[in-house]
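J.: Supplied in structure tokens, the structure appears directly below.
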């Protein structure tokens with residue numbers, strides 16, 4: 001009788017690159033459970049043999065954390081880009097077991113004591129910057145993980161952590177499901193007037209995928225969804241004001257009713273975070289969050305207020321401009337412009353002012369051309385060659401590229417764009433015992449899918465997004481840090497990690513770079529010079545309003561994590577209305593439930609950290625101004641500064657405090673001046 005051999009579980013294989021293509025939901029439960037069991041015995045072994053030395057403490061610890069990080073990232077990546085009920089259920093089931101293990105690891109007294117012993121030992125002074133950073137952050141993280149709590153308090157702490165993990169997951173699923181659930185079927189062409197051809201194509205493609213087999217861009221039917229490309233297109237282009245209002249209201253009330261209502265989940269998350277902070281002897285959760293960041297609560301609030309003052313008058317003027325413009329166009333709503341009118345009229349004003357039509361620009365931004373130009377820029381700035389990952393890189397500083405086909409899967413992929421590590425650089429995890437293991441990153445973006453035989457044609461915003469995510473990938477891949485725990489993006493304070501990504505966006509406005517990208521995909525003609533100049537001028541268009549939008553999110557996040565008391569008379573929505581009075585020219589609708597979809601702070605890592613976007617924008621604008629000061633057209637100077645940027649910001653990883661890294665690159669501490677100048681808001685600060 002033939003014996004049945006169990007097929008090997010791909011999650012448990014020894015691989016250089018994760019075999020994403022063969023991982024299925026059936027592998028998750030057994031794979032994660034076996035992995036955790038193995039790691040549990042590795043951890044017990046480490047605790048038994050631990051000594052306050054690098055080989056007996058840090059190296060085995062890195063091996064444990066690395067394995068879990070890589071495997072968990074694999075299944076999380078699949079959930080983020082190819083969500084299914086089966087995969088979701090499998091992850092949900094093993095997640096508490098993973099959290100339990102991480103708590104056990106974070107609260108390991110023998111490991112904590114060994115790190116403390118290293119810090120107190122004579123060898124402390126001989127450790128490298130990176131090694132000291134590892135020891136200090138491990139001690140801090142252990143304290144924040146509850147290592148120093150009494151048994152009963154630690155038990156309470158662990159319950160809170162498990163529950164927070166579960167609630168965050170549920171929050172994100174509700175947002176995804178509520179987004180997926182909404183669809184607006186349109187059969188009459190006049191109801192969808194104004195929508196550009198690409199959006200009509202997408203709406204017809206969506207309709208076809210949902211049972212309307214004969215749907216065409218020309219004759220419909222069309223389905224509008226709350227996915228970003230569909231939602232944004234309606235807000236900016238639909239002449240049908242009623243449709244704009246309906247879609248807007250649906251969007252800002254996502255996941256706020258019925259069985260997908262996130263309201264109670266938010267309150268519970270905020271309550272548990274406050275309890276956790278109190279257990280750790282902090283006044284509020286924001287202080288816990290800031291304990292591992294560059295900023296403090298006061299410094300973050302101070303920056304937000306400085307930027308708010310600089311943005312307010314400009315935002316009021318933006319609104320005034322829209323009223324005057326829409327009135328001149330004979331719009332009935334001119335005297336009563338509201339939320340579902342601003343994007344539409346802003347887009348019309350932008351077109352008339354700069355004569356730029358986002359849609360007409362798309363043929364100049366085909367994905368292959370954008371990527372080529374991005375790689376050329378990386379070569380110029382950082383001296384690196386980027387080549388397809390067929391053979392091994394023979395040149396130093398080569399970055400190899402695996403590209404996968406772009407498959408649009410709006411209902412299976414979560415919103416947003418991101419970069420994540422696949423594996424990080426590491427001496428300890430060297431595959432051949434001599435050279436460090438090399439880092440691998442992946443980038444996930446939202447492209448408008450190729451329609452018919454056209455390549456993916458991008459909006460300028462999508463181009464900026466690709467440059468942004470590539471900045472993260474560069475910092476991960478160009479690290480020269482061999483200590484795996486602080487290599488690449490690991491160990492970098494959260495509010496500094498957006499520096500390279502936002503820095504790269506600046507190059508989208510650099511003449512030579514942009515004209516190198518923008519070639520018509522059919523004719524090969526370059527973007528006309530006057531269009532480039534208009535794009536440049538349009539960069540500061542409505543800068544005050546856009547700045548205030550981010551400041552609303554950041555201020556609301558801090559307010560909820562410093563002063564809000566769940567169950568008191570003021571609800572989370574009251575807090576939003578109060579914060580918005582200072583940060584929005586038109587206050588939100590009374591029924592606005594935007595918080596129910598605010599995944600960044602309730603399901604992502606941005607709790608009491610949303611200010612980081614602005615904090616890092618200050619750093620990135622100031623870093624870019626080093627190139628401006630030297631002259632962007634001075635090739636030699638640009639290469640020299642690019643090399644310095646690579647050697648500091650990109651190479652040092654989390655091995656050095658970000659402020660020190662910045663000073664090493666820039667020669668001084670950061671200043672918000674460059675950011676305000678780039679946004680055309682500098683004069684406003686002088687008068688405020």
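Glycine is no exception: its Cβ is also placed from the backbone N, Cα and C atoms.
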J.: If you look at how TrEMBL annotates this chain, which of 86-117, 118-149, 150-181 comes out as coiled coil?
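T.: Range annotated as coiled coil by TrEMBL: 150-181.
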J.: In the same chain, who gets a Cβ under 8 Å from the coiled coil (150-181) while lying at least 6 residues past its ends?
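T.: For the coiled coil (150-181), the nonlocal Cβ contacts are 83, 88, 91-92, 95-96, 99-100, 103, 107, 225-227, 254-255, 260-262, 265-266, 268-269, 272-273, 275-276, 279-280, 411, 414-415, 596-597, 599, 602-603.
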J.: Restricting attention to the domain 'Oligopeptidase A N-terminal' (32-154), give the mean pLDDT.
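T.: Mean pLDDT for the domain 'Oligopeptidase A N-terminal' (32-154): 94.
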J.: Using DSSP, what's the helix, strand and coil tally for the domain 'Oligopeptidase A N-terminal' (32-154)?
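T.: When I sort the residues of the domain 'Oligopeptidase A N-terminal' (32-154) into the three classes, I find 105 helix, 0 strand, 18 coil.
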